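> This is the structure, below, for whatever I ask next.
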């Protein structure tokens, strides 16, 4: 902080510190805290208290209905002296003077007169008293159940423990798939990054890099759609195979590329390849060329040069690339969504998405998201251990 | 130890070697034989093609024409890992992530030697270069001179027949550089490996080498022992690139018995004819400042000229008197003895012996 003040002056340093604080609190700490709280809060939506509350509500409605009936009966009694049972035409608003419209009164006034209004009021009053008497007990029951549920809900791991076996399977598969994507990306990108970093002359390296970067000027969704066009049943790939005579499109012979693990992998590697290439490229570029030549001069094979000289040097870059590719593929929703619908099992990120935006169950969604976060963090720590690099080297 | 360190140096021969990069010719067709077990230096200014020659010998650059032979075997088509050479890079190129002994043993590791044996050999080599007990450190923990020696040990570990050194001392400070010169020379003597040493520093070349090739603009101008290069340079470039020269330009009056008489604005000078000059031709007489002296004790046949002392520089062991004689600038070295500078003021008469001077055609001199 003192250094910042010295370098940029008090005002700018304060702005930096303020922005950093805002970022840390608003962008990182608060959302994380909220998500964590939700994840560990059980929201019981159709538990016994909810059912009891429905019954309580029903009882209250019942009382209101009885009140209507009593009011109707009272109106009848008030008119009892009048000979006409039906509302008088001279008084068309008579029905509106009561507390309810006449049509609402259950028994028709002229309905055979099976029960005199007085007796009906008596009966209704008894019913009402009974219903009103029952309400406190029900309310108490609701409170009791709620308290029970709240005690269970307050801090609970149930959002995690109640995950279905299917979702657990998807969780595990997502991890394995993402590891596979990361591995494939590493295998593809390391030679590319090495070639670009070693390319003679800045022109060639620039051209190679440009070739890698330009496709990334296109929106990610469009890049993925481009792949669905290639891989579709009547797409470019099958068309090419048809032209080569491998398959017969006209005859309805197609190879189903979409909705398979292979195509999801291929598209995902393509989608995130740059995040693997750049860190490795940057790391290899700082390797003194003479070291590679020295190793070669001492008789080392290509494999040994890479294993003993290049890869140890590029380790931090490889670790960063692996971490980024893993995180991006674990969180990817567009690639499995667009390329993999159908045969391909869901990606865990899709389950999170549905919990938030289709089931509107944010607490469960938060729990799932938190699981993915923990998985990713574990992966990062694992990779850093495996490569023997610390945060410092990665920061470089 | 000495017996263990003994290796077999081999001869290196360049047969019509030339190197072109596009339109640019880095090395013109060159024949050169470096004898087995000698300390051979290639001396030249930067950009003269000396490093390209080294890369051709080591196998990192393929010649455009010609052959490279090591111990009589044609290795032109072999890669650097299959030649009996080891290269010490200008930057040393030690592997920073390996320990010192792993660095030294890397070449043995590449040959599939067992770890324990590698360690033993590495320790023996570290002893040879006076780095006992430093094997478990990282290169970054060593001083510049120690890193230098690690690089030597690493190159010697593969028991090369030819050790190629690409200006390896240029990054060291003066004292260390002088110390390392003696050490490299001693290691070369002890191991018997052929050393090919690339440098632009004439001091290094002169002190260490058995023979020196002086290179200029892609051509080797002279190959000789250090004293011959210094005392009897064959070309104006060699004469002026190695050491200092006072140069007097004029016209040849006569040539007799290997000596040319050249009339210059500073006087008529006799000098050894190194260019087969003919009377009437333009010529440049060159003489080293340390062979130029105040005329007081000069023999009768010495060449003499008068000049004005412009300033006197202190070099330590000797003083340099900068003279101006008409258009020509000259210098003379005076041993730094008591009262040496006493008479060196105003106009002085300086002299040099004809045997110490050489006459060349003008042009082709080193810039500087």
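Each Cβ is built from the backbone N, Cα and C atoms, and glycine gets one as well.
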> According to TrEMBL, which of these ranges is transmembrane segment: A:12-30, A:31-49?
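It is A:12-30 that TrEMBL annotates as transmembrane segment.
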> With the ranges A:119-138, A:139-158, A:199-218 to choose from, which does TrEMBL describe as transmembrane segment?
A:199-218
> Per the definition of 3+ C-beta pairs under 8 A with sequence separation of 6 or more, do the transmembrane segment (A:317-339) and the transmembrane segment (A:199-218) touch?
no
> Can you tell me which of A:12-30, A:199-218, A:259-281, A:369-391 gets the most C-beta pairs within less than 8 Å of the transmembrane segment (A:170-193)?
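The listed stretch sharing the most Cβ pairs with the transmembrane segment (A:170-193) is A:259-281.
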